[in-house]
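Peer 1: Dumping what TrEMBL says about this protein:
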- 16-119: domain 'Polyphosphate kinase N-terminal' (DOMAIN)
- N53, Y479, R575, H603: ATP binding site (BINDING)
- 130-312: domain 'Polyphosphate kinase middle' (DOMAIN)
- 345-503: domain 'Polyphosphate kinase C-terminal' (DOMAIN)
- R386, R416: Mg(2+) binding site (BINDING)
- H446: active site, phosphohistidine intermediate (ACT_SITE)
- 514-685: domain 'Polyphosphate kinase C-terminal' (DOMAIN)
Amino acid sequence: MGNDGHDKKCDMTYTQNRELSWLRFDERVLAESTDESVPLFERLKFIAIFESNMREFLMVRMGGLSSLATLKRQPRDNKSGMTPSEQVAAVFSELPGLFSKASASFDAIESLLRAKGIERITPAELIGTERDTVRNYFNRNVQPIFSPLIIDPRHPFPNLRNGALYVVCTLASASEDEQGLLGIIEVPTSLPRVIEVSNENGHLRYILLEDIILACLDSCFGAYAPQDSAVIRVTRNADLDPDGEGVEEDEDYRQHMKKVLKKRLRLQPVLLAIYGDLGRDAVKSIRKALHLTQQAVLSVNMPLDLGFIFSLEGKLPAAAREKLLFPPFAPQPSPMFCPGEPMREQVLAGDKLLFYPYESMNTLLDLINEAAHDDACISLRITLYRVARQSRLCESLISAAERGKEVTVLMELRARFDEENNIAWAERLEEAGCTVIYGAEGFKCHSKICQLTYHDQGRIERITLLGTGNFNEKTARLYSDFMLMTAHEGIGEDANAFFRNLTLGNLHGEYRYLGVAPAGLKPLVMDGLDREIARARAGMPAHAFFKMNSLTDREVIDKIAEASRVGVRVDMIIRGISCMLPGIEGSTDNVHIRSIVGRFLEHARVYSFGEEADTVYLSSADMMTRNTEHRVEIAFPVLDPACRAMVRDYMADQLRDNVKARELDARGRWVPVARAEGEAPFNAQEHFMTQAIERARTAEEERARRADEVERATRDKIVRFAQAPASTNTCGPAPAKGEIVQAEATVIAPAPHPAEGRFKRGWRMIVSGFKEMLS
């Protein structure tokens, strides 16, 4: 961990440490909580996102680095030269400052919310009958389900579950023999965290469950009197390799993963967080019991686990919601599709590109559901990494299997922190008759690909769906991603080979159009950069563009630096980690890096090459060594000119952002984008929302206009034919039978717009009459 698996000596003048770069990203997230242009409650949510990000980072990264720090000979990071011990120390030295900023922002926002009638109250702030309300809730709901523990020399320190909240207090005893006692109560997860004390006249007062326990500690430990108290949480290492845990040859992999998840709860602690004042001796006692150093103890001045904020949103007074939250936005229907028309035929007619969350995922869900019920569809194959808990897509797969279609699902059970949900879906899919496979040992399948195969009139037709993000209905409303839907024959053949290779465990298949990791994705990127280097050396304009979540792959970084040195301009939008530093003289002068953090999570991966972006790839992979060398990933070309132009335009708009964008400087700091004098603010995400609404409206109006034209033309033709004398027929020869049938289909087929269905019943009767006359 940290050296990307390469031992060669590296130029570190234009690179920085991965872990410290990640901290700068999370600081960017936290900065959104201080942006007064963001609605107040949304600012509070950004603090919750910061805290959640930080905890996951500590579980995944600090756990592994802490293990490496115990080695006598520690490897050095190939971007900074730091040892694991040095990296751990550097991260922990940053934590108090970051959480101090978070606490200050949290307090400021709570004060503003209090002025708007939304109050989180502590035990000391309970007034009047509220004390009785809280006590009654505790007696009825809380006390019956928890088991207080008293820790003394005769009782060993209990195992504290990863991420669970505990109320801890020192206890006083009348006996001089009983000193230094601790009382511990786990905060029940079976009860709601937010309890309304009152919610009247637009004024909400609420208390957290742990504060209810703190308010009633006097009745929890019998004769022992609670003294100092606090809420604590232990964060444990979650960097566990499921494939390194000894899978038995005949063991069901789902059962193996369940055992791995249980083990994760008991791995070594990496951080003890404390909210409250326990006293130095009590903290020392807990720290020693957890085998933690002093640097791994963090005192904070805000509640632990801010996940309750998202449940609090639903309790906000209706009158306050409009000003406290972002304006509602619903993903729009794609203008590339005609509602009411068969989805399959529309994709066969030409490539389509969806842009989430601005355009709705319902289009893709409708296509898969249509395939599940289409007799011509013979198979559906898909890779799933993170799946919504309530998934229409999985229900459609189940329906397809139950209708006798061949359904193959590669379910990645090792998707970190989504394992339990994926196991549950894998079991349901398998019970319904789907063939469920779990990927190659040691290589997570992070690809986002689905293929629908049809056998119609003796022909095989394939529709391939390729995405930068998961097939997940929930995240498709929150994450910015692309989904390409294509019937391109060559891509379809590659996709067919991809699924065949996966089922055979072959990770080194050959493909004409797709770049597939671990063997073929990085070479695709390196070749693209080499072409731009050759152009620059020939005196031609040269340009490369990348959009990704993180950049850590040392080989890719060095190739970008090589391109910069010969004059290739490289623009990058990197949301999170950037181990590359731009603007270093003689190395990265021509590299420009931006980041966008806003309402939606930037998640798409785009690689483009050429001054006019003549070659564009979308991908599931970031430029991280884990993705390029140790996962199954796909980069896929955007071949359709209209779709390619869309991607190019979207990325150009993101490079124009001067509101939510930040630029990375040569010292690794994210700084605001400078606006030219008179330059108007431009927020790319807001622009995309407005654009999606306008495009959907324009497409709807155009369909209505065409429907009216068809209706008028059909009506006029039928009327002229009806009025003409049979012998003279000034309208010309009678329409052929097929022409009338086509007119009927135009008028009475399922309509893409209600306007096309006006007078439908009357026209059906008229056309039926003409058919009868011609028969």
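Backbone N, Cα and C define each Cβ position, glycine as well.
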Peer 1: Of the listed stretches 16-119, 130-312, 514-685, which one has the most C-beta pairs under 8 A with the domain 'Polyphosphate kinase C-terminal' (345-503)?
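Peer 2: By Cβ pairs under 8 Å, 514-685 leads among 16-119, 130-312, 514-685.
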Peer 1: May I ask you to report the DSSP-based helix, strand or coil state of H446 (active site, phosphohistidine intermediate)?
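Peer 2: In three-state terms, H446 (active site, phosphohistidine intermediate) counts as coil.
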Peer 1: Spatially speaking, which of the binding-site residues N53, R386, R416, R575 is closest to H446 (active site, phosphohistidine intermediate)? Use C-alpha to C-alpha, please.
Peer 2: R386
Peer 1: So how many other Cβ atoms are close to R575 (ATP binding site), meaning within 10 Å of its Cβ?
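Peer 2: I get 22 for this one.
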Peer 1: I need the most crowded of these recorded positions: N53, R416, H446, Y479, H603. Count other C-beta atoms within 10 angstroms of each C-beta and give me the top one.
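Peer 2: The residue with the most neighbouring Cβ atoms within 10 Å is H446.
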Peer 1: I'd like to confirm something. Which of the binding-site residues, N53, Y479, R575, H603, has a Cα closest to the Cα of R416 (Mg(2+) binding site)?
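Peer 2: Minimum Cα distance from R416 (Mg(2+) binding site) across N53, Y479, R575, H603 lands on N53.
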Peer 1: Could you give me three numbers for the domain 'Polyphosphate kinase N-terminal' (16-119), the DSSP helix, strand and coil residue counts?
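Peer 2: Each residue of the domain 'Polyphosphate kinase N-terminal' (16-119) counted once, the result is 78 helix, 2 strand, 24 coil.
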Peer 1: Could you state, as a whole number of Å, the largest distance between Cα atoms of any two of N53, Y479, R575, H603, the listed ATP binders?
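Peer 2: Per the listed residues, the maximum Cα distance equals 15 Å.
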Peer 1: State the count of C-beta atoms found within 10 angstroms of the C-beta of R386 (Mg(2+) binding site), not counting that atom itself.
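Peer 2: For R386 (Mg(2+) binding site), the count of other Cβ atoms within 10 Å is 19.
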Peer 1: Beyond N53, Y479, R575, H603, what residues of that chain have CB atoms within 8 A of the centre of the ATP site's CB atoms?
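Peer 2: For the ATP site the neighbour list reads N549, G576, L601, E602.
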Peer 1: Rounded to a whole number, how many Å is the Cα of R575 (ATP binding site) away from the Cα of R386 (Mg(2+) binding site)?
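Peer 2: Distance (Cα to Cα, whole Å): 20 Å.
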